[in-house]
Amino acid sequence: CFHPGAPQNGYAQGTPPYRAGDVVQFNCNPEYMMQGQPIIACQDNGRWSGGLPKCVQACSYPGTAISGRMSSVKFYYSIGESITFTCDAGLELRGAKMLKCLKNGKWSNAIPTCVNPDAVNVRTDAKGVFKRDN
């Protein structure tokens, strides 16, 4: 098989010459996610078992709020895509309800938390004095 090349914003791992049964593994650069198959094999007919994958800039799975749900769970999210968070019954959302995947591959906000609204929130001020948040 001929050298398959490498995806834009990515690279191929394999050692030519490629004979039947040899494989090439593709990887994407940091902050890029793969669309397509990461491994192709050289077949007996001299052709590869698949084409080049694409490396697209995207946001990775952000994590989830404990005792909460998110609108869409995927390996990666396209630039401009938004997800929303909700909390289980009886809990209150603290933080941004919606996160958007920005052009730099980062999320617009941190993951929100789900808290019991009746729980006492205690913190200290700059002088170490305890304060109660309502």
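Positions of Cβ are set from backbone N, Cα and C atoms, glycine also.
Unlike curated entries, TrEMBL annotations are predicted automatically.
Features reported for this protein in TrEMBL:
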type: DISULFID; residues: C28-C55; note: disulfide bond
type: DISULFID; residues: C87-C114; note: disulfide bond
type: DOMAIN; residues: 1-55; note: domain 'Sushi'
type: DOMAIN; residues: 57-116; note: domain 'Sushi'
Checklist line | Arithmetic mean of per-residue pLDDT over the domain 'Sushi' (57-116) | finding: 92
Check: So what sits near C114 (disulfide bond) in its own chain, CB-to-CB under 8 Å and at least six residues off in sequence?
Finding: A65, I66, S67, G68, C87, D88, L91, E92, L93, R94
Notebook entry, point to check: If H, G and I count as helix, E and B as strand, and all else as coil, what does DSSP give for C55 (disulfide bond)?
Noted result: strand
Notebook entry, point to check: Name the residues of the same chain, 6+ apart in sequence, whose Cβ is under 8 Å from the Cβ of C55 (disulfide bond)?
Noted result: P7, Q8, N9, G10, C28, N29, Y32, M33, M34, Q35
